[in-house]
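A.B. asks: I am attaching a structure below and will ask some questions about it afterwards.
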Amino acid sequence: MTILVVTGTGTGVGKTVVCAALASAARQAGIDVAVCKPVQTGTARGDDDLAEVGRLAGVTQLAGLARYPQPMAPAAAAEHAGMALPARDQIVRLIADLDRPGRLTLVEGAGGLLVELAEPGVTLRDVAVDVAAAALVVVTADLGTLNHTKLTLEALAAQQVSCAGLVIGSWPDPPGLVAASNRSALARIAMVRAALPAGAASLDAGDFAAMSAAAFDRNWVAGLVG
């Protein structure tokens, strides 16, 4: 059994499509997969990341706790809706209930690593510590990514949360000078596990499966679950 939290260097970097791609690659390797997103914001505009993972990767074990209408940080979205954030133990129980032998459980955060997900001030990093999970960090290839990535990895290391690697959430075709340079530099910071092509979320399920299998190293994926 393996729990992996999927975080990012910010909002809109591609965490959901990375969750879906890794889930698809794992399922194609014969691994049972569950995906959890404890907190979802932006439901008023139709945001539903778990449904997107199900559509792209065919995962049926999908779990969430709190949903807020406005596309804001969870604490702000909850306040705007007159609702509360979930409690820390609720999130931990949700993840623990999904975890089982032979299964890869992916936990997608909201925004970046230190965004408040539960009261009082509980972040995805805290949850990772609670469930003994490593973190896969979704990054961009854009200017500024090196600083954002290093800050995220330092925040993980400060609480002894191991980094399972980096994934570039949207890789341009063709890559420009900045993107190509940043990809090389990112690989010197941590292992780059995959670079997903820009627009991957628009693929149909069959093409998405093929892309996912090609994007990740099969041996690494197979080794995620002991």
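Cβ coordinates are placed from backbone N, Cα and C, and glycine is handled just like the others.
Note that the coordinates shown come from a computational prediction; the quantities given were computed from them, not determined experimentally.
Below are the features I grabbed from Swiss-Prot:
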type: ACT_SITE; residues: Lys37; note: active site
type: BINDING; residues: Thr11, Gly12, Val13, Gly14, Lys15, Thr16, Val17, Asp49, Gly169, Pro197, Ala198, Gly199, Ala200, Ala201; note: CTP binding site
type: BINDING; residues: Thr16, Asp49, Glu108; note: Mg(2+) binding site
type: BINDING; residues: Lys37, Pro38, Val39, Gln40, Thr41, Gly144, Thr145, Leu146, Asn147; note: substrate binding site
type: BINDING; residues: Asp49; note: ATP binding site
A.B. asks: If you skip the near sequence neighbours and keep only those at least six away, which residues in the chain come within under 8 angstroms of Thr41 (substrate binding site), Cβ to Cβ?
C.D. replies: Asp47, Arg67, Tyr68, Pro69, Gln70, Pro71, Met72, Ala73, Pro74, Ala77, Ala110
A.B. asks: Within its own chain, what residues at least 6 apart in sequence put their Cβ under 8 Å from the Cβ of Asp49 (Mg(2+) binding site), listed in sequence order?
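C.D. replies: In sequence order, the residues whose Cβ lies under 8 Å from that of Asp49 (Mg(2+) binding site) (at least 6 apart) are Lys15, Thr16, Cys19, Lys37, Gln40, Glu108.
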A.B. asks: Taking the center of the Cβ atoms of Thr16, Asp49, Glu108 at the recorded Mg(2+) site, which other residues in this chain have a Cβ no more than 8 Å from that point?
C.D. replies: Val6, Lys15, Cys19, Ala20, Val35, Lys37, Gln40, Leu50, Glu52, Val53
A.B. asks: Please name the residue among the binding-site residues Val13, Val17, Ala200 whose C-beta has the most neighbouring C-beta atoms within 10 angstroms.
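C.D. replies: The most densely surrounded of these binding-site residues is Val17.
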A.B. asks: Pick out which of the binding-site residues Val39, Ala198 has the most other Cβ atoms within 10 Å of its own Cβ.
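C.D. replies: Of Val39, Ala198, the one with the most crowded Cβ is Val39.
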A.B. asks: Just to verify: the residue among Thr11, Lys37, Gly169 with the fewest other Cβ atoms within 10 Å, which of the recorded positions is it?
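C.D. replies: Sparsest of the recorded positions Thr11, Lys37, Gly169 by Cβ contacts within 10 Å: Thr11.
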A.B. asks: How big is the Cα-to-Cα gap, in Å, between Thr11 (CTP binding site) and Val39 (substrate binding site)?
C.D. replies: 14
A.B. asks: Between Asn147 (substrate binding site) and Val13 (CTP binding site), what C-alpha distance do you get in Å?
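C.D. replies: Roughly 15 Å, rounded to the nearest whole number.
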A.B. asks: Where's the emptiest Cβ shell within 10 Å among the binding-site residues Thr145, Asn147?
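C.D. replies: So among Thr145, Asn147, the binding-site residues given, the one with the fewest Cβ atoms within 10 Å is Asn147.
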A.B. asks: Gly169 (CTP binding site) to Thr145 (substrate binding site): how many Å between their Cα atoms?
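C.D. replies: Given the Cα positions, Gly169 (CTP binding site) is 12 Å from Thr145 (substrate binding site).
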A.B. asks: What's the CA-CA gap between Val13 (CTP binding site) and Val39 (substrate binding site) in angstrom, rounded?
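C.D. replies: If we compare the Cα positions of Val13 (CTP binding site) and Val39 (substrate binding site), the gap is 17 Å.
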